[in-house]
Structure formats: C-alpha cells, structure tokens
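The domain 'NADH:quinone oxidoreductase/Mrp antiporter transmembrane' annotation in TrEMBL covers 102-382. TrEMBL lists 389-570 with the feature domain 'NADH dehydrogenase subunit 5 C-terminal'. Sequence annotations record features per position, and here TrEMBL assigns transmembrane segment to 7-32, 44-70, 147-167, 173-190, 211-233, 239-261, 268-288, 329-353, 416-442, 454-478, 490-510, 552-571 (among others).
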Amino acid sequence: MCFNSFFFLFFFMLINFFFFVYFIMNGLSVFFEWEIISFNSMSIVMSILLDWMSLLFMMFVSLISSVVIFYSKSYMNSELNLNRLIILVLMFVFSMVLLIISPNLISILLGWDGLGLISYCLVIYYQNLKSYNAGMLTALSNRIGDVMILMVICWIMNYGSWNYIFYFDFMKNDYVMFIISFMIIIAAMTKSAQIPFSSWLPAAMAAPTPVSALVHSSTLVTAGVYLLIRFNYLLIDMFFFKVLLFLSILTMFMSGISANYEFDLKKIIALSTLSQLGLMMSILSLGFPDIAFFHLLTHAMFKALLFMCAGVIIHMMNDIQDIRYMGGLSLYIPLTSLCLNISNLSLCGIPFLSGFYSKDLILEMVSFNSFNLMVFILFYLSTGLTVFYTFRLIMYVMISDFNLMMIYNLYDEDYIMLNSMFVLLFMSLLSGSFLSWFIFFYPYMIYLPFNLKLMVIYVSILGSILGFMVSNMGIYSLNKLLLSYNLSSFLCLMWFMPNLSTYGLSYIYLNFSQILFKNIDMGWSEIYSGKGIFNILKNYSVFYNIYQMNNFKIYLFSFILWFMILFIFFFI
C-alpha cells in the first residue's frame, strides 16, 4: 500500500509539473464545469479551475505527501494498522486537491470540511487522552471556519451562482461583498491558526510525525492562506485586511517568543510554522498575494524536512521529545543532522537557501512600503526571534553535551527515511531560486538605503548570538535577571491562549452544569421523585408491618382508637 501510494502521488506530481510548465509558458487557464442539478435558477455545479497557481500548488502537495508516505513505511513499521494511516493520508491529500482546484464555494466547502474531519482522525490516531483533547480542540476551532464558509455560501446566492471567480470585478464595493469578505477572513484565520485561534496548532502535534510533516507544511494550515490568495482581489481595500495585518504580525511575534521557551522538539517546530503562517498572512494583508504564495511553497519544503528530521531523532531516542535530553547528535547521526541544519538555516533565511528568496523579498517589501513603526519593528523583531529559537534548537540538539544515558545505541542507518529526506533536502536548497524564476514574470528590484537593505542580516546575526547565549545560560539565570515568573509564564504559554480556548471557554458551562447536577439531579429531583417516593412507601410498609405482627396490645389499642373516633364523629 505504501509503495503504490508513493508511486501514484509521485507520478501525479510529475504530470502536474509538466502541465504547470506548459500553462505558464502559454499563459493558459482552463475552467471545467459540470452541472449536477438545477433548481429555481440556482444550479449546483462541480467546477475545476486549472491555472499555473493551482497546478504548482498541487505539484508541491503531491510531492510532499508522496515523500511522507514513503517515509511512513519505515517510521510506522511497527504499526499494525499502517494501511489505515495511508488511506487517511490519501483522503487528506484528496481533500486538499479538491480545495486547490475549486473556483466554486460548494466544492471548496467539501475540501475544507474534509480537511477538518480527517485532521481530527489523524490527530487522535494514537488514541490516548492527550490526543483526544488535542483532536477536539483542532476540530472545534476549525468548525468556526466551516460555519463561516457555509454562511458565505448562503450570502453569495444573492449573485445567482457560487462561482466566486466571476464576481471579482463588479462586486467590489457591494455591502454583501463586505459581509462575505469578513467571513472569508475569519474562516482563513481559523484554518491558518491566527490569533485568537492559535492554540490548536501546537496541540495538533499529538498526531504521528509523518502526518505532522504533511499537515504543517503544505496542506491543512496553508488552506486559509490559499483561500485568501484566491479572494485577494476582492479583499484588498477592506478594513478587515488591516485588522488581519495586525493579528498576523502579533501571531508571528507571539509564536516566536513562545518557541524560545518551549522544550518539546515538535512543538518548537509547530510554533515556527505558526510564525511563518503569520508572515504569509501579513504580506498577504499588505497586498502581495504572489509573494505570499512564493513563501508558502518554499516554506512547505523546508518545514516538511524539519519535521522528518525531528521524527528520526524522536524515533532514535526512544520517543523522547524533550530537547534537554539531547545534545551532540551531529556526532552520531551526521546525515540527519545535515538535513536538520540546512532546513533550519533555510527557515532563518540564510542567503541562497530556499527560505532566503521569499523571506528577504517579504522584508524588503515591508521596508519599501510606508507602514507605521509598530509594523516595521514587529516584522524585524519576529525575524530575529526566528533565528533566535533556531540557533537555540541547534545548540541544544546538535552541539552541546549529550544528556541521556551513558550507554545508548544511536543510529543513522534507515535508508528509507534518509532517501525521502534527501528529496526534500534537494528541494530546500533549490526550490527558492527556480520558483522565483517561474512565479515572477518580472524581477523585483527594490532600492533601499544601505542600513535598511542590511537590516535582515543585522537582526539575523543578533538573533543567532542571543540564541547561542541563552542555550549556554544557567537554568534560572535569564528569568532572575530579566523577567518575573508571571511574565515568563505568560510568554511561555502562548499568551495563555490554550487555557483561554479550552478551560476559559468551557469553565463557565461546566461549572454551571455541575451546580445543576448537584442541586437538581442529586438534590431536589432526588427528594421529590425517585428517592422521595421510595422513602414514603418504605415508611408506610414499615408501619403496616407492625400491624401484621398479631400483637394483642396493638389490636386492643386500635379498637379503642377507632371506637373513640366513631364516638366523636357521631355524638359530638
């Protein structure tokens, strides 16, 4: 099953690549429409839009999913139900492909909801309490987005069709379009985990690592960004886009700080995904959908590779994810360390790796445009924090002393995992340059002052120095020196967002239901229904039982009692 799925997806990727080259060279877009049913001038149609963007995105999704399935053959080899996992992953990829090629909101809903449902099945795959909680948080957060898409479907019926791509020109300043755009932005924020819906993304790390590599690189979390890229022409002048800019920059900043406090290897990578999603959303809010799409694709490659390297390390260390137990792994697993370091450096935007081409372009466009100081500072601060937690991770995992048992078998010999990682390593090195040739028909030449041009390098060097220093500090020194306990716990726990979105939402209702249960179910209704009737009947039966004891005194007493009652009743 693994190899069949791998070959199918790999050939699907090649077909998409050749079609993409043909379409982009000839400037083609193909629109298919199949009418399923028509009623009251409304028709339900299945539409497919194939243009260079959808073909390129499908190529990346199918490449990463094929490599992930090949990797799962070795990573999940002790799993009894491996075919079930592969089928779920294939359904997941199919839902994403349906979302990518849909210019129609009905089929977008099918793909969108399919992603949410199957992601729940994948997050709870290991079937323990933590997985169930994480799966529920993921599913319920995404349900908000699903409801918004359903409401958009209702509102867009005002135009007579669900093919939203036909309405880009004439419904720009319509009040209905204002409502639709607001709902689309909320839906994209839930799926791409922007503040205040950020807490589900690190929780979804309860899924198996190959699934995390797929979900957090090119499928689930990028669905919201892709939807906004498609709707971008309608949203560009909206007030909500300014709000989205503010929230996405805050998301980027918050996840960068939280990653510096985190010690779980997979959660650090998940928070870096959140940071990059904030970067994509923010550059999208500034009105550059092509650059956001460019960063989405380059990020998919090195992030999938990063998760795969983390999977090998976790596998090798007997399912330990705490980076404080690791250290010096570059001596024992050199090839995995090579992949991990290159993907980490690509995430930082080190020149001429794939992440550099998109991140440098984004930051230069931010410097080039006239935005306020807060936007400018938070962008560069978040970039510095990315380098900060990356170098901290490299120091903890690769360079410092090994902190587990003295006698331990470390290996780097699984060639199935390594081969799948080398495919993505190759793409992490080259995808930035070849995508910049393909996507941009004209070169972005951005003229800036010298210090502003080198600002990215300044914050990267500063972040790497701070990351090196923090990883060598004592365990309490930084908190004692700079931060109080309350502030550091606030920064560590993602600004209390997981607590607010779980206990914060459910506490009032659970507390109220406990009071109801205690006072009504276990209180008044017990006294006046089941238990009360039982007590009355029991007391009566005890009383009658005394009568039936054939005691002469009782008979005599009852005779006198009845005689007195009758006497009083008749003669007085």
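Keep in mind that glycine also has a Cβ here, set from the backbone N, Cα and C atoms.
TrEMBL entries are annotated by machine, without manual review.
On the 0 to 100 pLDDT scale, the domain 'NADH dehydrogenase subunit 5 C-terminal' (389-570) averages 80 in this prediction. Only pairs six or more apart in sequence are counted, and the transmembrane segment (239-261) with the transmembrane segment (44-70) gives fewer than three Cβ pairs under 8 Å, not enough to call it a contact. Remote same-chain partners of the transmembrane segment (44-70), defined as residues 6 or more beyond its termini with a Cβ less than 8 Å from a stretch Cβ, comprise 2-3, 5-10, 12-13, 16-17, 19-20, 23-24, 28-38, 86, 89, 92-93, 96-97, 100-104, 106-107, 162-163, 165, 210-211, 213-214, 217-219, 226, 229, 293, 296-297, 300-301, 304, 308, 416, 419-420, 423-424, 427, 438-439. A Cβ distance under 8 Å defines the sequence-distant neighbours of the transmembrane segment (173-190), meaning residues of its chain 6+ beyond its ends; these are 112, 141-142, 144-146, 148-149, 151-152, 155-156, 158-159, 167, 197, 224-225, 227-228, 231, 234-235, 238, 240-241, 244, 247, 281.
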